[in-house]
């Protein structure tokens with residue numbers, strides 16, 4: 001069996017940074033699956049469509065190319081909302097599922113998202129669910145956006161993050177939740193180095209090879 005590390009969790013919990021560092025430490029390719037949904041949402045918005053429309057989302061999936069996933073404007077609040085809406089569409093999730101599984105199956109991988117351990121790679125030998133308090137996550141996302149020069153109002157962002165959490169947890173297909181055998185890592189009071197150290201210990205315990 002290849003080493004597959006599934007890293008799930010809500011927005012701004014630190015899963016992306018952690019996944020990248022784990023991939024580097026264990027010599028594995030990394031896939032931020034959230035970028036796939038962000039790219040689909042971005043395409044819908046650019047076309048003046050409705051991210052909640054199955055037809056608009058299906059069109060965006062059909063024209064998705066790798067370059068779209070590399071765009072620099074995928075991590076802004078309006079795309080956060082669009083990504084959450086298209087991700088609730090079963091047809092979109094099904095269309096992107098094979099891509100994610102193929103990526104993981106090649107040589108092992110680190111994948112981060114919201115349903116890696118529960119749906120995409122349910123047999124992954126290492127599953128992490130990274131979380132943090134709502135306030136900690138809000139402050140991290142504010143800092144991230146402002147460091148990139150994105151103008152954002154704190155209360156509006158708070159409301160949007162809360163709404164996304166609720167949508168992700170309540171959707172019928174692949175709701176956000178820890179896998180039964182996932183290790184929960186609360187990063188509320190951890191910096192990036194501390195979170196990585198704890199995650200690395202979990203991986204080496206689960207995969208002592």
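Any Cβ shown, glycine's included, is placed from N, Cα and C.
The ATP binding site annotation in Swiss-Prot covers 9, 10, 11, 12, 13, 14, 15, 16, 17 and rests on sequence analysis. In this structure, residue 17 (ATP binding site) is part of a helix by DSSP.
Within 8 A of the CB centroid of the ATP site residues 9, 10, 11, 12, 13, 14, 15, 16, 17, the other residues of that chain are 18, 112, 130, 132, 137, 187. Applying an 8 A CB threshold to same-chain residues 6+ apart, the list for residue 9 (ATP binding site) reads 15, 112, 114, 128, 129, 130, 131, 176. All protein chains included, residue 15 (ATP binding site) registers 28 other Cβ atoms within 10 Å of its own Cβ.
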